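> Got a structure for you, written out below as C-alpha cells; questions coming shortly.
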C-alpha cells in the first residue's frame, strides 16, 4: 500500500473531470482560425458589401452565391456618403466580431463567483452535470447559428459557454485536488491546465479550412463542444463523489470511506480520514472572511492587492490577444500560412505547460514569474520591431513569428500557472475562498477587456501594438520584483512576515500543515 498509488478509477475520474477543462481551452481557441469566414458570413447576413480587397484576397469564398449581390459601375466615384457608409460598416463588423470573442469572458466573469457555491450546494459531481446543461445550450446556439442571425446566436452561445467555463474553472481543480492522494495532488492538479492548452490546440487543428474551418462547416466547428458535454455527463455517473465533500461538508463518513476505497484501491483509508478530520477541525476553528473584509482588514489588504495584481498582469500581458487573434497577427506579419503558424503556437503552449509542471516544483514561484514576465517583455519588443520593419525587410516576418512562439513559452513558464498557486498560498482556510473568488473575477474581467479591446487597439496602434504590451510587462515585472514575496517552501507565518516587511501590516498566521496540503512545503 503506497500513498502515490495510481488506480484505474483515479485515472478515469481525473480524465473525466478535465474534459471540462478541455472545453475551456477549446472555447478559447475555436474562434481564432475561422475568423475571416465568420466575418464574411456576418457581412452576408447584415447585407454589408464585402468590398474590402484585403479581406477577399485573404480568404477564399466558395462561390459568389455566398455573398450579397452588389452592382458596381465601370468607373465608380466614391462619395463622402459612400465613404461614411463604408467606415460605419467596417466599425459595425469590428464591434460584432469583438463581442463574439469577448462575450465568452463576460459569461466566465459572471459565473466565476458561483463555482464554489454550486459545488458545495449540489456536490462536485452534480455541479458538473448541471454546468454541462449550459455547455450544451451554448453549443446548440452556435451550432445552429448559420440558420439565423448568426452574430446574435454566436454572441449568445459564447456567453453561455463562458458561464459554463466560469463554473468549471473552479469546480475541476477543486474536485481533482480533493480526490487525489497527497503525494500526487500537485501532479494531477496540473492536468487542468494541460487539458486547457490541449483544447486550444485541438480547436486550432480542426479549425483548418480543409477540416471544419470553411464556409460550409464553421458552425459545426463552434457547436462541436456539445458532444463533449454529452460524453462527460455520461461518464460522470461512474465517478465517485469527492470524499472531502462527503466527510467535511456532509459529515458522511461511511460514504467518504467508500469513495476513498474506490479511488485508492485499498481498504485501509484511516490515514486519509484522519487528515480530513484534522482539516475539518482547522476549518471550523477559523472564521470565514468576506470579500469586503479582504480589503478593509489590514491583515489581508496587502496580500489581496498583490494577488489581484498578479492576475491583472497575467491577462494584460497580451497573451490572450495572441490566443484570440494570432491568425490575424501572423497575417499582418506576412506569414503565408497564418493558420498553421497559429497551430504552432498551440503546440508550443502545450509543450511548455508540461515543462512548467516540473519547473514549478523545482524553482520558486516568484522567480519563475519574474523570468516569465521579463522574457515576455523582450519578446514583445522583438514582435513589434518585426512588424514595424516588415515593409523594409521581408525576413522580419520570421522574427515576429519566433518572438510569438517564445512569448507563449515564457508565459507558460511563469505568468500562466503561478498566480493561481500564489493566491492559494497567500491565504489560510478562512479567507481563501473569498480570495480565490475575487481573483477569478478579476482574471475573467481582464480577459474580457483584452478580448473586447485588442482588435481596436491593434487597428489604432498598427504594428506598434506590442510596444504597448511591452510597457505593461515592464511595469508588472518591476511590481513583482519589489512587492511580491516568495511562497515556495514557506508557511503562512513566514509569508505573513514577508508582507509585513513590504507593507508594515501583519497577516494572520496559520499552521504550516495546511501549506503541506497545498503542496507548498518543499525545501528550497
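Just so you know, the numbers here start at 1 and follow the chain as drawn.
Using N, Cα and C of the backbone, Cβ positions are placed for all residues, glycine too.
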> Do residue 9 and residue 297 end up on the same side of the membrane (judging by the domain labels in Swiss-Prot)?
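Going by Swiss-Prot, residue 9 and residue 297 are on the same face of the membrane.
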> Among the residue ranges 99-119, 246-266, 267-287, I'd like the one that Swiss-Prot describes as transmembrane segment.
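Range annotated as transmembrane segment by Swiss-Prot: 99-119.
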> In Swiss-Prot, one of 159-179, 495-515 is tagged transmembrane segment. Which stretch would that be?
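Checking Swiss-Prot against the ranges 159-179, 495-515, the transmembrane segment one is 159-179.
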> Checking feature assignment: transmembrane segment per Swiss-Prot, candidates 11-31, 32-52. Which range matches?
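Swiss-Prot lists transmembrane segment for residues 11-31.
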> What residue among 62, 297 has an entry for N-linked glycosylation site in Swiss-Prot?
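Record says 62.
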> Spell out yes or no: are there three or more C-beta pairs under 8 angstroms between the transmembrane segment (11-31) and the transmembrane segment (401-421), with each pair 6 or more apart in sequence?
no
> Pairs 6 or more apart in sequence, C-beta under 8 angstroms, 3 or more of them: is that satisfied by the transmembrane segment (128-148) and the transmembrane segment (434-454)?
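With fewer than 3 qualifying Cβ pairs, these stretches do not touch.
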> Residues sitting near the transmembrane segment (304-324): Cβ under 8 Å, six or more positions beyond its termini, same chain?
28-29, 31-32, 101, 200, 294-295, 345, 369, 373, 376, 380, 404, 407-408, 411, 415-416, 418-419, 422-423, 426, 435, 438-439, 442-443, 446-447, 449-451, 454, 458, 466, 469, 472-473, 476, 479-480, 483-484, 499
> For the transmembrane segment (188-208), which partner among 218-238, 339-359, 369-389, 401-421, 462-482 gives the most CB pairs under 8 Å?
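Looking only at 218-238, 339-359, 369-389, 401-421, 462-482, the most contacts with the transmembrane segment (188-208) come from 339-359.
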> Would you call the transmembrane segment (462-482) and the transmembrane segment (369-389) in contact, using three or more Cβ pairs under 8 Å, pairs 6 or more apart in sequence?
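The transmembrane segment (369-389) and the transmembrane segment (462-482): touching, yes.
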> Looking at the topological domain 'Extracellular' (455-461) alone, can you tell me the average pLDDT?
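That region's mean pLDDT is 82.
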> Using DSSP, what's the helix, strand and coil tally for the topological domain 'Cytoplasmic' (180-187)?
6 helix, 0 strand, 2 coil
